Amino acid sequence: MPKNSKVVKRELDDEVIESVKDLLSNEDSSDDAFKKSELMVDDQEEKDVDVEEGSDVEDERPAWNSKLQYILAQVGFSVGLGNVWRFPYLCQKNGGGAYLVPYLILLLIIGIPLFFLELAVGQRIRRGSIGVWNYISPKLGGIGFASCVVCFFVALYYNVIIGWSLFYFSQSFQHPLPWDQCPLVKNTSHTFVEPECEKSSATTYYWYREALNISSSLSESGGLNWKMTICLLAAWVMVCLAMIKGIQSSGKIMYFSSLFPYVVLLCFLIRGLLLNGSVDGIRHMFTPKLEIMLEPKVWREAATQVFFALGLGFGGVIAFSSYNKRDNNCHFDAVLVSFINFFTSVLATLVVFAVLGFKANIINEKCVIQNSEKILKLLKIGNLSQDMIPHHINFSSITAEDYNLVYDIIQKVKEEEFDSLGLKSCQIEDELNKAVQGTGLAFIAFTEAMTHFPASPFWSVMFFLMLVNLGLGSMFGTIEGIITPIVDTFKVRKEILTVICCLVAFFIGLIFVQRSGNYFVTMFDDYSATLPLLIVVILENIAVTRIYGIDKFIEDLKDMLGFSPSQYYYYMWKYVSPLVLLCLLVASIVQMGLSPPGYSAWIEDTATEEFHSYPTWGMIVCISLMVLAILPVPIVFMVRRCNLIDDSSSSLASVSYKRGRIIKEPVNLEGDNTSLIHGKSPSEMPSPNFGKNIYRKQTGSPTLDTAPNGRYGIGYLMADMPDMPESDL
């Protein structure tokens, strides 16, 4: 018995020695204990599970019900009001059809690559913008916070535009439309047309006086416009109800809000092509002016439009893609959504200029009739000779071509005294060359054209309902860019956060529904997003390509997609896109410096717009908007750089994986060569550095320790190893 006992003891000692050797030597045999663990999401569950540190409660991350729902969400976010009232204006202003060439080139250089980059990091890390950039580089974690601030600023005034559309929508259920005719003013003696309306037009008067009741300057508040206040409240209630359950509620609304605008645009295009003069508008639109295409300004404006059309830097793209499965083909999504956005802009341009061609034709006909009457009067009083008029001209039914023939003859014969005759050249191109954009296009020019449509109330209802849906689609992505990062980071309830966010935004947004509110909308639109978003996207590019490493990122994409992305993206991300973005940033700063900061004020007495410079306090607000938007980046960098916050107490900058579950890991993340979003099995990764932390804490402690691997602390949780009595070793 003693002899046998010694043999058994020797065998046990040998096993213990071998085990200790394995642990100390870090041999690959130690990986056998982890082969059942994967960084990939569990294929059976097909979902990630967030586990709070020290808690047994598991919070499942929501997911899209279908790929179609996700695509519609991304399309709804990227396709917004700018596609309808900004792109056609830029196309007309910058060379017509020739403008499409620089736009397409820049879409391929900066649009699709950067859109693909945001989709990829959001889908792989499955967090909002704050979490994503903390994981990739804690020192650049301020990028996510900056995106949230910009989203909030944009949401403040963007929902005001939805409120304006709701007001016009509510006023469209009457015939004739209230902006069809100038109102009449009655006094004790007689009735006359409202002077402000008579000096401008019915639609212009209705917009500035009836809808906005606008003041004459930014400093003149004028109190709240209660009609617009109610519309703004309705807009925020709609957004809140749609977003309160996250993508579970907003995803279903996307089927209508994203598809309905296309139905309306197609209906308008078909109706517009049947109108007289629509072909003239489309021909004018797409007649290329190649000499303009070579101007640097055209390329700058095309790059800016590409940048903002896809919603880069807002965080909405990252938030939406974070609810995808990790093996989703986000490259296909990036190309598809980008080209849907482009063709939507072209479709909207066709619609706008078909309708504006019809409007220009009507105005041109009125011009011909008025000036023909002037010619008849001049013939009667003898200022013009009847011999000058060709015999086939009939002034009772004169065409535009005949009038222009008579006009040219009179101009040649009466060259010296022609100006005193007061005749005008009635050319349809002159009317089409009057460039309008933004609210001027939607609420004045397009609205005026619709008053000439048969069944004009129906078309007005459809148009403004389309604007509401376009706005809501973009608002969903903007609010998601605020809610998702905060929920992921601070683990607050989404419903409560959504309600609080909407309430705060509504009360701050009351500055936009004052009588001077339109001027504040212009201020926020010009200064709150342009420069901050450019800086954000440049830093995003640097974080992925320079700090995280472009080669590792390409490997991560290969693992996620199942194929290696084209080398085209490698060169775009590493060299071309950053250079183009830097040039765009410099050009935008120069343009901002050369353009005097100000706004167009509506002067009631003259019924015209007049440029006003911002007062001193207005300039302070403009500068503050830009500084506040980008301020989180240097603050977070300095906090991380100077270790002002102990990383061990923060959950923002670490992540561990256990069988497809992401758990918080309080470790220092700085300096690691291990891929954060690289989904390899443990046997393919470097073996963990074993030490005293590889075991579960002994009884009485619910917290699990991990074995950090590299700078970013990607550890393999040792929770599956049973507790072993000390005597066993």
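Every residue gets a Cβ built from N, Cα and C, even glycine.
Taken from TrEMBL, the feature Na(+) binding site applies to G76, V79, N83, N341, L470, S474.
Here TrEMBL flags 40-57 as compositional bias 'Acidic residues'.
What TrEMBL records for 27-57 is region 'Disordered'.
Marked as transmembrane segment by TrEMBL: 70-88 (among others).
Residues or ranges marked as transmembrane segment in TrEMBL: 100-121 (among others).
Annotation comment: TrEMBL describes 142-169 (among others) as transmembrane segment. Within its own chain, the transmembrane segment (142-169) has Cβ neighbours under 8 Å at 81, 128-134, 211, 227-228, 231-232, 234-236, 238-239, 313-316, 439, 442-443, 447, 460-461, 464-465, 467-468, 471-472, 474-475, 478-479, 481-482, 485-486, 501, 505, 508-509, 512-513, 517, 520-521, 524-525, 528-529, 532-533, 535-536, 539-540, 543, 625, 628-637, counting only residues six or more beyond its boundaries.
Marked as transmembrane segment by TrEMBL: 226-247 (among others). Tertiary neighbourhood of the transmembrane segment (226-247): same-chain residues 62, 64, 73, 159-160, 162-164, 166-167, 170, 211-212, 253, 320, 323, 472, 475-476, 479-480, 483-484, 494-495, 498-499, 502-503, 505-506, 509-510, 512-513, 517, selected by CB-CB distance under 8 Å and a gap of 6+ residues from either end.
Under the heading transmembrane segment, TrEMBL lists 259-282 (among others).
The feature transmembrane segment is assigned by TrEMBL to 302-323 (among others).
The feature transmembrane segment is assigned by TrEMBL to 335-356 (among others). Long-range contacts of the transmembrane segment (335-356) within the same chain, counting only residues at least 6 positions beyond its ends with a Cβ under 8 Å from a Cβ of the stretch, are 71, 74-75, 78-79, 83-85, 87-88, 91-92, 100, 103-104, 107, 111-112, 115-116, 262, 265-266, 268-269, 272-273, 275, 278, 281-282, 284-285, 309-310, 432, 441, 445-446, 449-450.
Sequence annotations record features per position, and here TrEMBL assigns transmembrane segment to 458-483 (among others).
Per TrEMBL, the feature transmembrane segment maps to 495-513 (among others). Long-range Cβ contacts of the transmembrane segment (495-513) within its own chain (Cβ-Cβ under 8 Å, at least 6 residues beyond either end) map to 152, 155-157, 159-160, 163, 224-225, 228-229, 232-233, 236-237, 239-240, 243-245, 479, 482-483, 486-487, 520-521.
Sequence-distant contacts of the transmembrane segment (533-554) (same chain, six or more residues past either end, CB-CB distance under 8 Å): 114, 117-118, 120-121, 133, 136-137, 140, 143, 146-147, 150, 307-308, 312-314, 564-565, 569-570, 573-574, 577-578, 581-582, 584-585, 588, 630, 633, 675-676, 678. What TrEMBL records for 533-554 (among others) is transmembrane segment.
Beyond the transmembrane segment (575-594), the same-chain residues lying 6 or more positions past its ends with a Cβ under 8 Å from any Cβ of the stretch are 106, 109-110, 113-114, 296, 300, 303-304, 307, 530-531, 534-535, 537-538, 541-542, 545. According to TrEMBL, the transmembrane segment annotation covers 575-594 (among others).
Under the heading transmembrane segment, TrEMBL lists 614-639 (among others).
In this chain, the transmembrane segment (614-639) does not touch the transmembrane segment (100-121); fewer than three CB pairs sit within less than 8 A of each other, excluding pairs fewer than 6 residues apart. Below 8 angstroms of C-beta separation, residues 139-143, 145-146, 149-150, 153, 218-219, 523-524, 526-529, 531-532, 535-536, 539, 597-599, 645 of the same chain, each at least six residues beyond the ends of the transmembrane segment (614-639), sit close to that stretch.
Highest Cβ pair count under 8 Å relative to the transmembrane segment (458-483), across stretches 70-88, 259-282, 302-323: 70-88.
Excluding the listed site residues G76, V79, N83, N341, L470, S474, the same chain places V75, F77, S78, G80, L81, G82, S258, P261, T344, G473 with Cβ atoms within 8 Å of the centre of the Na(+) site Cβ atoms. Once Cβ contacts within 10 Å are tallied over all protein chains shown, the binding-site residues N83, S474 are led by S474. Non-local neighbourhood of L470 (Na(+) binding site): V79, G80, L81, N83, V84, P261, each in the same chain, at least six residues away, with C-beta under 8 Å from its C-beta.
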